[in-house]
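According to TrEMBL, the Zn(2+) binding site annotation covers 129, 280, 284. Look at TrEMBL and you will find 77-97, 109-132, 144-165, 177-198, 242-261, 319-340 tagged as transmembrane segment.
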């Protein structure tokens with residue numbers, strides 16, 4: 001017994017030694033990684049309000065930007081918050097596949113759309129924050145990709161709210177228009193975010209915020225209207241176990257909206273939040289919490305409200321929503337191509 005214990009302690013010691021060698025291994029793999037630079041050394045539309053240092057220099061090789069995942073700079077926390085969220089969502093998907101028949105039960109497909117769209121937006125967000133400093137064109141390309149992820153997540157939110165959350169009385173009034181309108185609003189949100197980022201090239205930063213916030217706010221109000229009705233009509237959390245998670249997702253989202261539009265820490269402590277404490281970092285954390293609450297609430301509704309949504313939605317309706325999800329993805333891809341060409345043309349004109 002003592003021999004086994006000694007062997008396990010030895011293995012643990014070796015593992016810890018290997019972990020301690022990771023920073024040295026990264027340094028040896030990229031011995032000439034350049035230091036970060038100040039805001040004056042990058043294009044103005046790369047800069048964040050009151051973030052003075054920690055910007056990665058442009059036009060380095062791709063290896064530098066991938067290895068910057070382990071470097072201290074002003075995007076490190078933004079990358080890791082959504083990277084960890086992505087991994088947690090993968091684990092959540094793995095657990096749900098043990099209890100939900102995503103292949104054989106069409107009523108589970110809205111939940112699957114939400115899971116896939118959540119994985120999409122977190123993955124695209126990580127990509128944008130990790131690689132968006134490579135060049136001016138890459139900045140537009142990867143952040144436009146990020147906005148596709150945002151639009152997909154908005155659609156995923158709409159479909160689970162319509163399918164599982166909506167009450168019968170509200171369903172009678174909006175059943176023919178809710179999901180087509182949600183599809184359109186998701187695409188408009190993608191367009192608004194892309195156009196806002198494009199306008200930020202030659203216009204004040206508030207133009208970008210308007211382009212991002214207004215379409216997304218309209219989409220959120222529409223997509224979440226079934227939740228508001230549910231929260232107002234439900235009387236007891238004990239009778240409706242999903243209710244607390246719906247409260248949670250609304251609360252977390254309101255926090256997201258506040259910190260996205262009002263970077264209070266940077267304004268109160270300019271230059272002191274270059275690495276940690278940015279409003280966008282808080283936004284990432286709260287959005288991840290919102291997503292996890294939303295997924296669990298949708299799962300509880302999928303389990304507990306089957307009689308209601310089976311009555312409201314025919315067997316073929318879920319397939320229609322899968323089709324609309326594909327339409328949203330194609331439409332956002334088209335917007336991406338058009339806006340990226342527009343941005344490239346603008347960059348080419350200004351470089352002449």
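The chain as shown is numbered from 1 upward.
Glycine is no exception: its Cβ is also placed from the backbone N, Cα and C atoms.
A sphere of 10 angstroms centred on the C-beta of residue 129 (Zn(2+) binding site) encloses 25 other C-beta atoms. Of all the binding-site residues listed here (280, 284), it is 280 whose C-beta has the fewest other C-beta atoms within 10 angstroms. Note: the Zn(2+) site is recorded as 129, 280, 284; in the same chain, 75, 77, 78, 79, 81, 82, 125, 278, 281, 283 also have Cβ atoms within 8 Å of that site's Cβ centroid.
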